[in-house]
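**Student:** When I checked Swiss-Prot for this same protein, it listed these features:
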type: COMPBIAS; residues: 142-151; note: compositional bias 'Gly residues'
type: COMPBIAS; residues: 192-206; note: compositional bias 'Basic and acidic residues'
type: COMPBIAS; residues: 226-235; note: compositional bias 'Gly residues'
type: COMPBIAS; residues: 248-257; note: compositional bias 'Basic and acidic residues'
type: COMPBIAS; residues: 290-310; note: compositional bias 'Low complexity'
type: DOMAIN; residues: 145-204; note: domain 'Collagen-like 1'
type: DOMAIN; residues: 205-255; note: domain 'Collagen-like 2'
type: DOMAIN; residues: 264-323; note: domain 'Collagen-like 3'
type: CARBOHYD; residues: ASN109; note: N-linked glycosylation site
type: CARBOHYD; residues: ASN225; note: N-linked glycosylation site
type: CARBOHYD; residues: ASN287; note: N-linked glycosylation site
type: CARBOHYD; residues: ASN391; note: N-linked glycosylation site
type: CARBOHYD; residues: ASN396; note: N-linked glycosylation site
type: REGION; residues: 27-57; note: region 'Disordered'
type: REGION; residues: 133-335; note: region 'Disordered'
type: SIGNAL; residues: 1-23; note: signal peptide
Amino acid sequence: MPNILHPFIIIMTLLVVATGNQASIDKTTQWPRMKPTKKPPPRDEGPSKLGSISTTVSPTAIGITEEVTDAMMDAYTITSTGSTTFSSDTYSADYHTEAMVPPGVGPGNYTLDYNECFFNFCECCPPERGPPGPVGEKGLPGIPGGKGEMGPPGPPGQEGLTGAPGTHGVKGEKGDTGASGLPGIPGVTGKQGEKGESGPKGDKGDTGFPGLKGDPGERGEPGWNGTKGGMGEPGKQGLTGPPGPDGIKGEKGDKGDCPFGEKGQKGSIGEPGPQGPKGDPGVPGTNGTDGLPGSKGPKGDPGPLSKQGEPGPPGPQGPPGQRGMPGMKGTRGLKGARGIRGFKGFKGEPAVQKRSAFSVGLFPSRSFPPPGLPIRFDKIIYNEEAHWDPNASKFNCTHGGVYVFSYYITVRNRPLRAALVVNGIRKLRTRDSLYGQDIDQASNMAVLRLSSGDQVWLETLRDWNGVYSSSEDDSTFSGFLLYADATKD
């Protein structure tokens, strides 16, 4: 766009210069410098008619700004131009001065350009309003003005949107303690706190009242079988149990002798029985003579049975007769019901616990013992019952029973053959075939029944006697009573 305007501006400049030169040629005389015209009266006085002369107050006395421009030169090079600028507030609103005002611009400061009006009117006459000129082209942008004064504060704006929450600030210092407020409403009971650490032990308190009887504790684990105690004193006889059911009827025993007892006393006369029925009359016989009594005839046949009368009341009991012979033993009856448990008997005497144990070791000076002899275990680890004889290096059995024996032997430089001996009989053997500077362990364990007076020891066989001991390696021999034999009281 600026490239297109450049030729147009150059052409317009040439036309203006040519027109100016022609106008200067037409002028015959040179006008002198123009003096400022008399100013119109102030707005409180009425406007004067054109052509009349009136006396006016100097513009400087009433705040009129007068400016004479000498440097401004128009296109006429021969004559100088002069202009006078007055404030529009000096003149009445009815005074028309729009002749020199550009179109679209309101009343304000105006300038009289005498170069364009000297052909039409004199300098002393105010110009008349002419027809509006054509709209001029848009001028170049003006120089940016200076910064204006700060205007009055505007009305408060609308409330802005809520901003995003800010970050947590640094914790401030602890403030002063405020005044105590009114007591608040009691809060809800909080949860039980965690158990605190144990505090220091307090002083012993006074003896309290005896507490209530506690609940019975849980049943303990069954204890080991103890040795049988001595027989306690017999308890009191328990209550008689209920009679058992009748046993099975035994077989009939042999008939016992029935000797006659002494005659009892005569019983009292019983009451007469009822009268029997009347019999049929017999056939009358003839009158015979009395004969001699004959011999007793045989017993006749029993007559017909008659109905037995009702028995009379029993008579008084007679004296007891003699005891008859015992009959045969009957079969065993059924088992009766269990009787009521008797009272607890008195506590018996406590049994004496029998103890026997030992544990011995080998000193380094006793390494590689001679074969066929008891190994010299002189290092006593446990021998409170003194059942181990360190002089003979043997265990003496004091209480008969079951024993447990074990040995742990360090083997070095030589092979080993060891045996557990009971009364000269080798009960247990161990072998370790080792040569050189290597170190090994040989061990064994056995459960044996011993009687009082038996002896037990450990020995090596032939030249296999690699039993070794040092400050860092031990060889030990141990035994203990598992349980003793029962003793008869």
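Think of each number as a place in line: the chain as shown, counted from 1.
Every residue gets a Cβ built from N, Cα and C, even glycine.
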**Student:** Check the domain 'Collagen-like 3' (264-323) for me and report the mean pLDDT.
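**Tutor:** Across the domain 'Collagen-like 3' (264-323), the average pLDDT comes out at 72.
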**Student:** Taking DSSP as the reference, which of helix, strand or coil describes ASN391 (N-linked glycosylation site)?
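**Tutor:** DSSP call for ASN391 (N-linked glycosylation site): coil, neither helix nor strand.
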**Student:** For ASN396 (N-linked glycosylation site), what is the secondary structure state per DSSP, taken as helix, strand or coil?
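**Tutor:** Going by the DSSP assignment, ASN396 (N-linked glycosylation site) falls within a strand, counted as strand.
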**Student:** Out of ASN391, ASN396, which of the glycosylation sites has the smallest number of neighbouring Cβ atoms within 10 Å?
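**Tutor:** ASN391, out of the glycosylation sites ASN391, ASN396, has the fewest neighbouring Cβ atoms within 10 Å.
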**Student:** As a quick check of your reading of DSSP, tell me how many residues in the compositional bias 'Gly residues' (142-151) are helical, how many are strand and how many are coil.
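**Tutor:** Counts, helix then strand then coil: 0 helix, 0 strand, 10 coil.
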**Student:** What are the DSSP helix, strand and coil residue counts for the compositional bias 'Basic and acidic residues' (192-206)?
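**Tutor:** Its residues divide into 0 helix, 0 strand, 15 coil.
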